Amino acid sequence: MYRYEKKGPKRGVALYSYSAEFGLTKTLEDCFEDLHDMGAHGIEILANTHIENYPYPTDEWVEKWWRLCDKYEIVPVEYGNWIDSHVLGDRDLTTEESVEMLKRDIRLAHRLGFTVMRTKMPVINDLLEPVENWKEIIKGALPLAEELGIKMCPEIHTPSNLKGKLVNDFVEFIKETGTKNFGLNIDFSVFRTSFAEGEWVDPNYTPNKPEDIIPLLPYVYCCHAKFIHMSDDFKETTIPYEEVVKTMEDNGYEGYLLSEYEGADKYDEGYEVGQTLRKHHILLKNLLGD
């Protein structure tokens, strides 16, 4: 199993960036090759998109996965999963059924070498507040997560406020349980300060300040390094990357920054996101000095 031991923040890629190309013009190995070429060492996958025959991949597919990780020197960093309580249509899953769904993903994430899961829970409103029984669901899966060394992390995404109720509830849960197997994934969209003319902006959104992340860092096990627009001189023009990354680095963050591209142009015919990802990784290399 390939290991990457660099101290401080590390560079990786969320395969969601390839959403317009994966399965059409790019294979899983093509994505791995891209990551290796840009010097990334970590990967996030979306389980139901990137795992063949999910949730029951064959032994042959799993062997192929490990072969790709070793060949391209890539660490399995974050496994994206959903607790889809609405999957049945006519009724919501019970708490027990949701726990079993989550346990299934924990086992598969462990089988593929991941230590962090981006665990998306069903939400009840535009502020992304989770269903009322989220604590019971997480508690039901915690013993298995502890046994297998998996950290479950809901994604903190725009329009969430890092000082708001949603984040506070998660932090209080961590403190109350004392668990090291539940934490946060901070999506850099929460720091976005610039929007294109005519672009829709959530009325609930107020940009967070880079320093707002400092008290949360003990609970942050992974980050989506969201980016929207890269200039030709390797700057992200909508998010204050220099301030955010420096704040995290100065305050001891050791996890991965997973590049996640959400520019609308990636769905244009013929667009290749790999070139935009390379620009982003030049930015990260310049900031991190690697």
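Positions of Cβ are set from backbone N, Cα and C atoms, glycine also.
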Looking at Swiss-Prot, which one out of ASP105, ASP126, ASP187, ASP290 binds Mn(2+) in the same site as GLU155, HIS224, GLU260?
-> ASP187
Check the Cα-Cα distances from HIS157 (active site, proton acceptor) to the binding-site residues ASP187, HIS224, GLU260 and tell me which is shortest.
-> ASP187
All chains considered, the count of other Cβ atoms within 10 Å of the Cβ of HIS224 (Mn(2+) binding site) is 26
Let me know how many other Cβ atoms fall within 10 Å of the Cβ of ASP187 (Mn(2+) binding site).
-> 22
